[in-house]
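Peer 1: As listed in Swiss-Prot for this protein:
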- 292-370: domain 'B5' (DOMAIN)
- ASP348, ASP354, ASP357, ASP358: Mg(2+) binding site (BINDING)
Amino acid sequence: MPVVDIDTDELRGLTGRTDTSDEEFKEDLFGLGLEFEGETDEDLLQFEFAPDRLDRLSVEGVARSLRYHYGDDRGVYVPETNDPEWTIEVDESVPDERPYVTGAVIRGVDLDEGALDSLIQLQEKLHATMGRGRAKGAIGIHDLAMVKGAPLQEGSEPSITYRGVDPDGVSFVPLDANDELTPNEVLAEHDTGQTYADLVEGLDRYPAIYDELGLFSFPPVINGKRTEVTTGSRELFVELTGTDQWTIDRMCNIVCYALSARGATIEQVEVNYADGATAPSEYGAELVRPNFDTDEKSVSHDRIETLLGVDFEPEEIVDCFERAGLDASYTLDEDVTYEVEIPPYRVDVLHPLDLVDDVGRAYGFDNLEPRYPDVGTVGGRHERSRLEDAVRTSLVGLGFEDLLNFHMTSGTENYDRMNLEAGSDAFGGGNPVEITEPYSEEYTQLRTWAIPSLVMLLERNTHNAYPQDVAEVGFAAERDDSENTNVAERRHVAGAVARRDASYEAAKGRLQAVCDDFRAELETPRTEHPSFIDGRTAAVVIDGEVVGVIGEVHPAVLVEHDLEVPVAAFEFHLDALR
């Protein structure tokens, strides 16, 4: 869980609550979901919070939430932006592994030591969370006075360039250094370069940002010393690069909102992707950023009342939304429905339940009255839950390591890297349940089978000793028009054996032992499956019903996952053991 350091003197200044004590702040923030963790040596208060509210990674974001909580602010706030005076030109030489860029110009910012520390903390916390350790998105913040833009043509606005460079063909002075280094030398000799070297290693060209004077940023590794931000900086240039345009745009919004809270003016920049550059398909080749357009979600009145257990008037719910920093209107049809406007720094509102949570926090969870449900039964474990544990115990007894993998995946992992085609008749090849608005390209659908999850885990553990025998009892789903929900949800049992002598017989022996434990009759007639080797693949038939597949993983799949040892695997439906 993310932990943010808060200077309460800064918090008092940003909220206007100069008489509020530290203890009162702790209590108020607990009501917002931030739990006090302790104090630093510098007497800063540390708060832990759920990682969904990334806008609270700075004292400015926490202060904004408190101002809404106190009723000092209401509804959606969108900072005014000035028209672009700077352009970011994206060259076709940018490496495909990090193709996207965004940015903003900040003017009139007043950075004392506290504000600068907060900005650096926000930058690093966003790197660690939304930026996935800078792999998905990285932020560079520069003193604009030290950036010299070169107009592309006479009379045009100044521009900088995002391009790919030869790792040994250019040099610059990085932060915390005095001598010029090439990008490769930064990775080898600089402490920060060594920390993030794995993000660019293996690339033919490294990402770099240039102005008229030369390279001043080597994302996602380090900035140049020339544009270092200090307490004397009054105008800033913020640039973000990454693998997903949506992610870096939202990270940029959070940074801009934090600086706006300090009285800064936000100026947009133009982002132009050149012919041959990888432009974001959903936005086009010419962007204006930051984009402060609001989003909209809807939620029904009945859903809010049912989940919170409180009878509300529509006006009360609108009031709660406004005190949560949202705007809402409603329609009086058979069921009252609220159309809710969401500000651009709220990256956590993905589902109507997130809106219900906002209403609950604005109303005050302390004000909810607990009551026992009117149920005349005694609770107990479901039969399937007991079966799952029994199967896990059996697998562990056979030498498997029990796993719990993500149920979300992508088409690339579920199908492409497994040599499987979506919609095929092969086990695991069913049509997937896809996410309408995926938060990440890595999680766009529910998995249709579990073996890809096991193979991915083996891929991440090639540095560990063999044998590696892993298994999972987990969830899988696929589209099925015969179901009332159009989705068939099942629990699957999967196991994989990775070792020098892994074979069909080794996997079959483990599978037979599991079936024997549950007195199930196992048959394994020969079959074909694109993820497995022909002639070394069989269907799993339990008590006369085809419920899975077993075999030696195809060499093409092993190569795709950089596995240098054979792998044999099996998977079947859990309910077959009932």
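Start at 1 and count along the chain as shown; that gives each residue its number.
Every residue gets a Cβ built from N, Cα and C, even glycine.
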Peer 1: Using the recorded Mg(2+) site (ASP348, ASP354, ASP357, ASP358) as reference, state which further residues of the same chain have their Cβ within 8 Å of the centre of those residues' Cβ atoms, listed in sequence order.
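Peer 2: The surrounding set, listed in chain order, is ASP52, ARG346, VAL349, LEU353, LEU355, VAL356.
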Peer 1: Cβ-Cβ under 8 Å from ASP348 (Mg(2+) binding site), same chain, 6 or more residues apart: which ones?
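Peer 2: Counting only residues 6 or more apart in sequence, the Cβ neighbours of ASP348 (Mg(2+) binding site) under 8 Å are ASP52, ARG53, LEU54, ASP354.
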Peer 1: Note the mean pLDDT of the domain 'B5' (292-370), expressed as a whole number.
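Peer 2: Across the domain 'B5' (292-370), the average pLDDT comes out at 93.
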Peer 1: So for ASP357 (Mg(2+) binding site), how many other CB atoms are inside 10 Å of its CB?
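Peer 2: If we count other Cβ atoms within 10 Å of ASP357 (Mg(2+) binding site), we arrive at 20.
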Peer 1: Other Cβ atoms within 10 Å is the metric here; tell me which of the binding-site residues ASP354, ASP358 scores highest.
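Peer 2: Buried the deepest by this measure is ASP358.
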Peer 1: Using DSSP, break the domain 'B5' (292-370) down into helix, strand and coil residues and give each count.
Peer 2: 33 helix, 17 strand, 29 coil
